[in-house]
Amino acid sequence: MFQKADASGLAQVRHVVLVLSGKGGVGKSTITTELALALRHAGKKVGILDVDLCGPSIPRMLSVGRPDVHQCDSGWVPVYTDAQKSLALMSIGFLMEDPDEAVVWRGPKKTALIAQFVSDVAWGELDVLLVDTPPGTSDEHLAVLENLKKHRVDGAVLVTTPQAVSTGDVRREITFCKKTGVRILGIIENMSGFVCPHCSECSNIFSRGGGEELAKLTGSEFLGSVPLDPQLSRCIEEGEDFTQLFSESTTFSAISSISQTLLSSLQTA
């Protein structure tokens, strides 16, 4: 590991947002990636801190490969996805020698790396830093909050799918936020309907509306729904920018609307 930086790399970060989910498989990392791209599309400088240590998938989603992580006087230099340096990323995926290597670590080692990620990455000036967390409410979440005490966390976005199994787990995530004093910025319902690749009609092949209903029951803001879209899935698989390639699609409109609502919430945080 590199030496600890003298000052916090978060000094010039305006807003910090946690992205949480009660269970795996709800598309949390996909939502984090697309929110970041939509915010960049809106002219914001964005960073993603990937603390899903056992499943770091965002480097692939952004097609940045496995570049070497360098150090400057301020700490670790994040990996930039574009020449304009408008989207920065730090992930354990950049530190593993073998991409197929499993992270078999006990809690203290995970906590130590998260502490370094929070304090030692030289993010520079950012409008929003999105923190992609693992599913559930584990050591990683507590470590992130503990190490962000010196820097204000604006709140958390909760990702769910419409099914009751998922919304039930997100209820526990809401309880976690209340116990730890984290403001809930809103709930996003992912995989809400299916967009036909031929006619673009959205069909409810699964259930729909579970996330919105949960928001009403818990008094949380409902940020919006994102459907299952084959074009979005392909972009995620191939590391392409969906917000640029399909800016006229209804799925992009949904993601863009969510990002704008989130920005509005951050202004009042």
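Positions of Cβ are set from backbone N, Cα and C atoms, glycine also.
Bear in mind that TrEMBL entries carry predicted annotations, made automatically and left uncurated.
Database features, via TrEMBL:
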BINDING   Gly22, Lys23, Gly24, Gly25, Val26, Gly27, Lys28, Ser29  ATP binding site
BINDING   Cys196, Cys199  [4Fe-4S] cluster binding site
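Distribution of TrEMBL features across the structure.
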residue : record                        : Cβ neighbours (10 Å)
Gly22   : ATP binding site              : 24
Lys23   : ATP binding site              : 18
Gly24   : ATP binding site              : 14
Gly25   : ATP binding site              : 10
Val26   : ATP binding site              : 24
Gly27   : ATP binding site              : 22
Lys28   : ATP binding site              : 26
Ser29   : ATP binding site              : 25
Cys196  : [4Fe-4S] cluster binding site : 11
Cys199  : [4Fe-4S] cluster binding site : 7
Worksheet item: Neighbourhood of the ATP site (Gly22, Lys23, Gly24, Gly25, Val26, Gly27, Lys28, Ser29): other residues with Cβ within 8 Å of the Cβ centroid, in order?
Response: Ser21, Pro135, Val159, Thr161, Ser166
Practice prompt. Round to the nearest Å and give the CA-to-CA distance linking Gly22 (ATP binding site) with Cys196 ([4Fe-4S] cluster binding site).
Written response: 28
Worksheet item: Whole-number Å distance between the CA of Ser29 (ATP binding site) and the CA of Cys199 ([4Fe-4S] cluster binding site)?
Response: 27
Worksheet item: Quick one: Cα separation, Gly24 (ATP binding site) versus Cys196 ([4Fe-4S] cluster binding site), in Å?
Response: 25
